[in-house]
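Q: Sharing the features that Swiss-Prot gives for it:
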TRANSMEM  18-38  transmembrane segment
TRANSMEM  60-80  transmembrane segment
TRANSMEM  103-123  transmembrane segment
TRANSMEM  146-166  transmembrane segment
TRANSMEM  173-193  transmembrane segment
TRANSMEM  218-238  transmembrane segment
TRANSMEM  252-272  transmembrane segment
TRANSMEM  292-312  transmembrane segment
TRANSMEM  343-363  transmembrane segment
TRANSMEM  373-393  transmembrane segment
TRANSMEM  402-422  transmembrane segment
TRANSMEM  424-444  transmembrane segment
Amino acid sequence: MGQVHLHNRSFNKATSAGFLIALGIVYGDIGTSPLYAMQAIVRGQGGLANLSESFILGAVSLVIWTLTLITTVKYVLIALKADNHHEGGIFSLFTLVRRMRKWLIIPAMIGGATLLADGALTPAVTVTSAIEGLRGVTHVYSNQTAVMVTTLIILAFLFLIQRFGASLVGRLFGPIMFIWFGFLGVSGLINSFLDLSILKAINPYYAIHLLFSPENKAGFFILGSIFLVTTGAEALYSDLGHVGRGNIYVSWPFVKICIILSYCGQGAWLLAHRGEHIEKLNPFFAVLPDNMVIYVVILSTLAAIIASQALISGSFTLVSEAIRLKLLPLFKIYYPGQTLGQLYIPAVNFALWVTTSFFVLYFKTSEHMEAAYSLAITITMLMTTTLLTYFLIQKGTPKIAIAIISIGLFCIEGSFFAASLVQFINGAYIVVLIALAIIFVMFIWNKSHKIVMKYIKSLNINEYKNQLNALRHDESYDLYQTNVVYLTSKMDHEWIDRSILYSILDKRPKRAECYWFVNVKVTDEPYTSEYKVDMMDTDFIVRVNLYLGFRMRQEVPRYLRTIVTDLMESGRLPRQHQHYSITPGRKVGDFRFVVVEEKLMNARQMPGFERFVLQTKAQIKRITASPIRWFGLQFSEVTVETVPLVLSDVRNLEIHERLEQVDEAEASATH
């Protein structure tokens, strides 16, 4: 997904620069589908020798109308209107409708997980398909092993450069994709003249006829191959916030025409050569003159790399959103560029690299990868349709319109899903297993948070103000820090997590001039940055609610610096004069952040399922990042404390003092 978030005022505008940005960011996946989609369709029919005119016309017609109904109607005309403060994607859509039904978190988790799983296979199939074009260059192509090695080298380079950001090469994405789509359109138009009867495919009759025709050897399951042409449609919606609605509205017609011309050109070539026997045919490269193949392989490889980069960046964004929505554990996130939205997650990058490389080694050829492709993304689209239905209800769309749109989309996408199920035994089970693993982690993380919130005990801080005030003046204790800051996940007005007061008063009394209690609330809006302060009628207790959008960095110290300045300037917080400082006139004291981690106690009192969830979460936490880096505390003084998560009053265990017994025989002997 993209690297540039457009200003609100330009969201609905289209510009030439925005047009190029959209080409480079949004359409990589769907724009490289001509590399392999028609190849999969022909292979499913048993090869070029088994193709008839009606089959070719029907297949191209299915392609055209799939692009029209799924990409144009669902995503461009409907989904793009479901923006969350100009942001798109399945998690942005979920935040719009999650208050309507609690169970809507289920399609959000399933859709997000399958989209992530699909993101691991897309780079493998696109780059492999591009490199396989060398089969037509006999003096260069040696064998499939060479293709695999070349693909692995390209993918390794692509994943290795992620830590440096993509801003430098990203500027080339738009112009390269403009050349790519221009080539698709021009070459497709030229090849269409091989047999102009291919234009009949615009008529949907041929698409419907093919589904029920005895000439269609794959039958209904041909839809599994047809769906490959629109797998990138979900990315179009996900990148809404990075390019703007206006630029997508203007660029999609250009992209769609070029893609359709490419498929028509391939179809016309198939019509002109039907009945021939050609081994391992890929119509995309077969239509080219021999002296052009090497150049097109280079161009298609660049397009495949750009498509892969978009999927990788999109995976980073998707994971970061899931973390902020408490659907995934914390991972270390870096921001290698200066542009908003540009991020890098090492753990996700490594997982994608390993998984993508595994797919290349396991499937070996693009033909085998295609057989496993698209099942996961059909599930994502069905989940998006579910959430879209509730969005339309929320917006007050007429019921008849909702029924037509929802039933129509469920029928179409349900058909593609059913047709793709046959791919399960052809390798799609691996992608499904990856998606299930992600769903499992999401479920554990989300459910465990709810369980902990249920058991956490809260105390009224008003009842402890006198103790805190006495402690801050009690010179028998060393000054722990001028300002002590506690991050808490549960704070409701004057009620605060018991473990925090336990840490201040019981574990080791922490004398400070000011006690801060900070709670970060993730808002449904993507780029909110607001705060609310309650001094609790004191000048030494500060309750801070930080309201941050689900795409904002949660760097607490940087926000606190602004809040402290605001409070001191307004007179609500006394200035903390520093006698020793390299900063003349410094009025703010030192800070120590205390991160309290609660450890499960007396777990046997908990129901078995809840105990399993919390214990599983504890195991997952061992391999994930700590809150220190997530909250931007790595350059601050931090103390991490472990306190018990008490489910109920701990029952004292019975025990009796053992009294010394005097041996009777020994007692008699002494007398």
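The backbone N, Cα and C atoms fix where each Cβ goes, and this holds for glycine too.
Structural setting of the listed features?
A: Panel annotation: around the transmembrane segment (103-123), residues 29, 90-91, 93-94, 97, 155, 158, 231, 234, 304, 307-308, 311-312, 314-315, 318-319, 322, 327, 351-352, 355-356, 359, 369, 372-373, 376-377, 379-380, 382-384, 386-387, 390, 431-432, 434-436, 438-439, 442-443, 446 of the same chain, lying at least six beyond its termini, place a Cβ under 8 Å from a Cβ of the stretch.
Residues 19-25, 27-28, 31, 34, 199, 254-255, 257-266, 268-269, 287-288, 296, 299-300, 302-303, 306, 309 of the same chain sit 6 or more residues outside the transmembrane segment (173-193) yet have a Cβ under 8 Å from a Cβ within it.
With a cut-off of 8 Å between Cβ atoms, the residues of this chain six or more beyond the transmembrane segment (218-238) that come close are 1, 26-34, 36-37, 40-41, 43-45, 59, 62-63, 66-67, 70-71, 74-76, 79-80, 88-90, 115, 118, 122, 210-211, 248, 252, 259, 263, 307, 310-311, 314, 317-318, 370, 373-375, 377-378, 380-381, 384, 415-416, 418-420, 422-423.
Residues 23, 27, 30-31, 33-34, 37-38, 42, 48, 51, 53, 56-57, 59-60, 63-64, 67, 71-72, 76, 181-182, 184-185, 187-199, 201, 229, 236, 283-284, 286-287 of the same chain lie 6 or more positions beyond the ends of the transmembrane segment (252-272) yet place their CB under 8 Å from a CB of it.
A Cβ distance under 8 Å defines the sequence-distant neighbours of the transmembrane segment (343-363), meaning residues of its chain 6+ beyond its ends; these are 119-121, 123-125, 128, 148, 151-152, 155-156, 159, 162-163, 165, 312, 315-317, 319-320, 331-336, 369, 372, 427, 430, 434, 624-625.
Beyond its flanks by at least six residues, the transmembrane segment (373-393) meets 70, 74, 78-79, 82, 90, 93-94, 96-97, 100-101, 104, 107-108, 110-111, 114-115, 117-118, 121, 125, 224, 227-228, 231, 233-234, 237, 401-402, 405-406, 409-410, 413-414, 416-417, 420-421, 423-424, 428, 431-432, 435 of its own chain at Cβ-Cβ distances under 8 Å.
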Q: Out of 18-38, 60-80, 292-312, 402-422, 424-444, which stretch has the largest tally of CB pairs under 8 angstroms to the transmembrane segment (146-166)?
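A: The stretch I would name here is 292-312.
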Q: Taking pairs 6 or more apart in sequence, does the count of Cβ pairs under 8 Å between the transmembrane segment (18-38) and the transmembrane segment (292-312) hit 3 or more?
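A: Stretch pair touches.
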